[in-house]
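Engineer: According to TrEMBL:
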DOMAIN    A:5-140  domain 'Toprim'
SITE      A:HIS52  site 'Interaction with DNA'
DOMAIN    A:155-581  domain 'Topo IA-type catalytic'
SITE      A:ARG165  site 'Interaction with DNA'
SITE      A:ASP169  site 'Interaction with DNA'
REGION    A:193-198  region 'Interaction with DNA'
ACT_SITE  A:TYR326  active site, O-(5'-phospho-DNA)-tyrosine intermediate
SITE      A:ARG328  site 'Interaction with DNA'
COMPBIAS  A:359-374  compositional bias 'Acidic residues'
REGION    A:359-392  region 'Disordered'
SITE      A:ARG515  site 'Interaction with DNA'
Amino acid sequence: MSRGPELIITEKDNAARRIADILSGETASAERMNGVNVYKWGGKRCIGLSGHVVGVDFPPEYNDWRDVEPVELIGAPVEKHPTQENIVAALRRLARRAGTVTIATDYDREGELIGKEAYELVRDVNEDVPVDRVRFSSITKREVTEAFENPDDLDFNLAAAGEARQIIDLVWGAALTRFLSLSARQLGNDFISVGRVQGPTLKLIVDREREIEAFDPEDYWELFSKLTKDANGDAESFEAQYFYLDDDGTEAERVWNEADAEEAYQTLLGVEAAEVASVNRRTRTDTPPAPFNTTQFIRAAGSIGYSAQRAMSIAEDLYTAGYITYPRTDNTVYPDDLDPRELLGAFEGDRRFKEDAESLLEQEEIEPTEGDNETTDHPPIHPTGELPSASDLTEDEWDVYELVVRRFFATVAEDAVWEHLRVVAEVEGLSLKANGKRLLEAGYHDVYPYFNSSESFVPDVEEGESLVLSDTHLDAKQTQPPRRYGQSRLIETMEQMGIGTKATRHDVIQKLYDRGYIESDPPRPTRLARAVVEASEDFAKLIVSEEMTSQLESDMLAIARGEATLEDVTEESKEMLQDVFEGLMESREELGKQLQDSLKADKTVGTCPECGGDLVVRKSRRGSYFIGCDSYPDCTYTLPLPSTGKPLIMEDSCEDHDLHHIKMLAGRKTFVHGCPLCKAEEADEEDDLVIGTCPECGEEHDGELAIKRLRSGSRLVGCTRYPDCDYSLPLPRRGDIEVTDESCEEHDLPELRITYEGDREPWELGCPICNYREYQAQQNGEGGSDLESISGIGAKTAEKLKDAGIEDVKTLKASEPDDIAAKVEGVGADTVRKWQTAAD
DNA sequence: GCAAGGTC
């Protein structure tokens with residue numbers, strides 16, 4: 001009997017392709033099966049999954065939220081079903097005729113579970129085929145070859161640990177989410193969610209907000225003087241700060257008592273010189289940073305202005321294009337077979353990195369830095385050595401790519417060395433100190449400019465030397481509340497707390513935005529978020545506590561070790577949830593009311609000037625936002641809002657009308673609208689300024705074009721016969737509009753100039769018709785494809801789609817998913833369907 | 001339609 005082909009299953013297409021290349025000596029060819037790549041060479045086939053291709057859920061009879069009491073979900077069965085039909089079908093087809101199967105999913109717990117899911121799909125169609133498992137932590141020739149020479153077995157206990165997590169997350173998450181949503185009567189798109197990871201993350205944000213609110217600022221004073229060394233006519237000055245030793249004998253700069261501060265201030269004002277009491281010099285070694293894992297990468301990208309979500313999406317594109325390694329990793333230690341010299345060598349041929357690469361290669365010894373996390377999942381994020389040419393990347397992609405390259409450079413660069421100089425001067429029993437620092441050896445800072453390496457100057461002085469004292473000033477200050485978490489700080493804290501994973505932490509933050517729990521950046525919790533956290537603290541403490549995860553982790557460890565079973569762990573967890581529900585059911589109504597009140601508070605802008613009710617942000621039937629009275633239909637008072645963006649109610653209010661200011665969130669086009677009533681009044685007070693004849697109805701009806709200000713705050717050039725004629729041309733939101741003496745011959749309209757406050761140069765907008773035409777041409781010309789407006793389509797994918805003749809969203813929507821999948825590498829029909837839905 | 005975890 002002849003054996004069928006060997007089937008290799010990986011976690012993702014990219015890994016399948018690279019492993020096929022390595023094992024085949026680059027002779028593997030790719031073919032498409034159900035829109036999925038299958039790599040083929042000799043008697044072997046290799047297919048990449050897309051992470052989990054099956055998911056857990058309750059049976060369909062539990063689908064209706066209203067029909068099923070949330071508490072019933074605790075006892076409900078949990079089923080597995082395919083979520084990526086095309087991949088599952090392809091896998092089954094291949095498995096049916098396979099002679100052996102090798103599971104080569106990622107080397108971590110979730111990878112073991114994904115491997116077991118693949119194993120079960122294989123077993124469904126082929127009872128006898130031998131299945132083994134290979135493990136490697138980076139896809140290099142050496143590791144992969146070695147792993148395939150020494151195959152192992154699947155670790156079913158480890159996979160069961162992952163399954164226990166799936167079940168517990170589903171049951172707790174779904175039961176509590178439904179309970180909160182039902183009790184507040186929030187069904188449909190605006191349901192109220194909680195979960196093991198989003199819960200504690202939200203509590204972190206809410207707790208910080210509570211600290212900020214409870215903060216009681218304290219007054220203190222700080223004193224500074226200028227000290228000048230005046231030797232041989234060369235005056236060198238520096239600022240020194242007053243300090244004293246507090247009761248514990250520790251050095252303090254803040255003076256907590258105004259009288260003491262004033263006394264010291266007067267003393268310093270009365271003197272003209274101070275004597276140097278001590279000079280301390282020391283050198284400090286500043287070691288280069290460790291290689292990037294996901295969290296540290298997000299943090300660094302954050303410091304150059306990229307949100308966590310955006311940084312990961314760009315990294316994903318760079319990875320798919322082959323320029324950087326896999327961006328989701330916990331590892332901060334390079335694998336043994338990364339040869340830094342070889343990788344540096346790849347940058348010698350590139351104009352932009354040549355100089356730095358060469359100087360690094362001149363080092364006699366190259367020993368990369370190591371971080372604290374050494375894991376088996378993937379190598380730290382580093383450039384692959386395949387370089388993009390300038391036109392391959394957008395500006396943002398280049399920024400992020402350069403960051404990854406330079407981080408790699410830094411990890412193989414030399415230490416930096418600083419010299420710290422501390423000078424203490426004394427006068428009349430008062431002490432002043434200054435700390436200078438100088439970069440003696442720039443080391444890694446030369447190749448990694450993202451850290452602050454600025455120096456502060458303090459001249460060489462000697463003990464006993466007299467310095468001129470001048471410019472003494474006393475600064476009154478106040479202690480500040482703790483700062484809100486920024487996105488990267490939040491992700492770092494989640495990592496420390498052990499919640500979420502490298503691949504999900506940034507998504508969790510996005511989810512909190514989507515659910516209406518946080519707004520703005522740095523994120524600020526809404527009233528709803530507080531109510532959800534409070535309700536959870538009162539009745540389901542575990543769901544907002546990091547302990548739920550640490551408990552789960554130790555349970556999973558026990559399962560993996562064979563010391564506990566999946567059933568033991570899930571049953572115990574369900575019993576705890578059952579107890580939680582006893583408390584919840586009793587307080588159902590009260591809880592629902594609190595959630596509803598908070599939801600309303602989140603929408604409230606202020607008090608209605610006509611009836612004293614609440615003014616709230618509403619959405620019209622056409623989908624646009626406006627402000628209306630909560631007492632509608634008894635009160636019909638409304639205020640318009642700008643048509644672009646989603647309104648955010650800001651914290652500050654208008655002094656005249658006591659209405660909260662509004663910000664319109666629209667990505668890069670975000671702007672502050674301000675007080676909606678002020679905007680409306682400004683428009684009412686401003687007369688339309690006629691500048692010419694309406695090109696559409698001028699001849700027939702004597703329509704005229706005028707510069708108008710709308711109550712929504714927008715400005716435009718529009719026909720005076722509106723609404724009978726709706727001809728209009730856009731005008732910028734900001735700046736003063738000046739009508740110049742010049743006029744456009746073609747359209748017989750005056751040219752406009754926009755002027756700004758401050759130093760900003762005026763903008764010669766010109767004829768409004770010409771200007772609008774140029775704008776439209778620009779929109780349709782370069783970057784005319786709007787494919788990238790769909791979430792999930794990056795620059796690279798858009799490029800690939802265009803190569804396949806799919807130029808824009810319209811074509812994408814009109815095409816058959818399977819056709820696109822067949823034409824475009826790495827794109828499945830399911831993905832296309834998702835894009836098509838996203839485009840609607 | 002719920003979670004969290006993969007991946008796109």
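The backbone N, Cα and C atoms fix where each Cβ goes, glycine too.
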Engineer: Fill in the CA-CA distance, A:ARG328 (site 'Interaction with DNA') to A:ARG515 (site 'Interaction with DNA'), as an integer in Å.
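Structural biologist: That comes out at 25 Å between the alpha carbons.
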Engineer: Measuring Cα to Cα, how far is A:ASP169 (site 'Interaction with DNA') from A:HIS52 (site 'Interaction with DNA') in Å?
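Structural biologist: Distance between the two Cα atoms comes out at 16 Å.
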Engineer: How about long-range neighbours of the region 'Interaction with DNA' (A:193-198): same chain, 6 or more residues beyond its ends, C-beta under 8 Å?
Structural biologist: 168-169, 172-173, 176-177, 180-181, 494, 499-500, 504, 508, 511-512, 515, 532, 536, 540, 543-544, 548-549, 552
Engineer: Compute the C-alpha separation of A:TYR326 (active site, O-(5'-phospho-DNA)-tyrosine intermediate) from A:HIS52 (site 'Interaction with DNA'), stating it in Å without decimals.
Structural biologist: 17
Engineer: Given the recorded sites A:ARG165, A:ARG515, which one's Cβ is surrounded by the fewest other Cβ atoms within 10 Å?
Structural biologist: A:ARG515
Engineer: Can you grab the distance from A:ARG165 (site 'Interaction with DNA') over to A:HIS52 (site 'Interaction with DNA')? Cα atoms, rounded to a whole Å.
Structural biologist: 14
Engineer: Identify, in sequence order, the residues in the chain of A:HIS52 (site 'Interaction with DNA') that are 6 or more apart from it along the sequence and have a CB within less than 8 Å of its CB; answer 'none' if there are none.
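Structural biologist: Looking at Cβ-Cβ distances below 8 Å from A:HIS52 (site 'Interaction with DNA'), excluding near sequence neighbours, one finds A:THR83, A:LEU113, A:ILE114, A:GLU117.
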Engineer: If I take every residue in the region 'Interaction with DNA' (A:193-198) and average their pLDDT values, what number comes out?
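Structural biologist: That stretch averages a pLDDT of 98.
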Engineer: Which number gives the other C-beta atoms within 10 angstroms of the C-beta of A:ARG328 (site 'Interaction with DNA'), all protein chains shown included?
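Structural biologist: Around the Cβ of A:ARG328 (site 'Interaction with DNA'), 19 other Cβ atoms lie within 10 Å.
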Engineer: Using other CB atoms within 10 angstroms as the count, which residue among the recorded positions A:ASP169, A:TYR326 scores least?
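Structural biologist: Among the recorded positions A:ASP169, A:TYR326, the sparsest Cβ neighbourhood within 10 Å belongs to A:ASP169.
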